[in-house]
Amino acid sequence: MAKNKFNTAWLHDHINDPYVKMAQREGYRARAAYKLKEIDEQDKLIRAGQVIVDLGSTPGSWSQYARNKLAKGAQRDAEREGGIDGTIIALDLLPMEPIADVHFIQGDFREDSVIAQLEELVGERQVDLVISDMAPNLSGVAVADAARIEHLCDLALEFSQNHLKPDGALLVKCFHGSGYSQIVEKFKRQFRVVAARKPKASRDKSSETFILGKHLKRPA
């Protein structure tokens, strides 16, 4: 009975959520697009000409937002191939419905074959921005969930260390709780500028927080 009450309450909140309605109206696949939009408007992360990698991209709302943002710059050059001023590469283990001008690679970004596809798309350039809305399946066991969350952040940090340009940025989702301070410390060891962001589009009941790292530190 309690589970049914929870599901009913969640469905009620979801249906009446203004960001859900806005996403449906504006064609975004998930309300998460507005979390990235708010952070981007505050921190000016997405700019014309960038190479952007979206880790754990499915269903694709973050890639959609990035694509729409880069398309505005491309309007000045209607003949530009691809229709956007920049490159967006989305990666996920799960399939993702195509998005115009977004390159999608399905697979584990730790595998050599996936990295080879990424490097072919990037060419001689380095990545300007890595974004990750990845989240594990939470079990409700605090210690286990904290370890899963930290593991995903570690993967994003390692990917950024290998592929991000020196003045690039990494934005990842994490959750307040056990292990949060360790994740922040790892960001501080890797980036010169670190900030936490809690966009209004993030539900009040949620402990999710986004950590932003800018400007890689040189390896010791």
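Start at 1 and count along the chain as shown; that gives each residue its number.
Cβ atoms are placed via backbone N, Cα and C, with glycine included.
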Site-mate of GLY60, TRP62, ASP108, ASP133 for S-adenosyl-L-methionine in Swiss-Prot, selected among ASP43, ASP92, ASP145: ASP92
Whole-number Å value for how far LYS173 (active site, proton acceptor) lies from ASP133 (S-adenosyl-L-methionine binding site) (Cα to Cα): 5
Spatial neighbours of GLY60 (S-adenosyl-L-methionine binding site) that are distant in sequence (at least 6 apart) but have CB under 8 A: ARG29, ALA30, ALA90, MET96, GLU97, ILE99, VAL102
Rounded distance in angstrom between the Cα atoms of ASP92 (S-adenosyl-L-methionine binding site) and LYS173 (active site, proton acceptor): 15
Residues satisfying Cβ distance under 8 Å from ASP108 (S-adenosyl-L-methionine binding site), sequence separation of at least 6: LEU93, VAL114
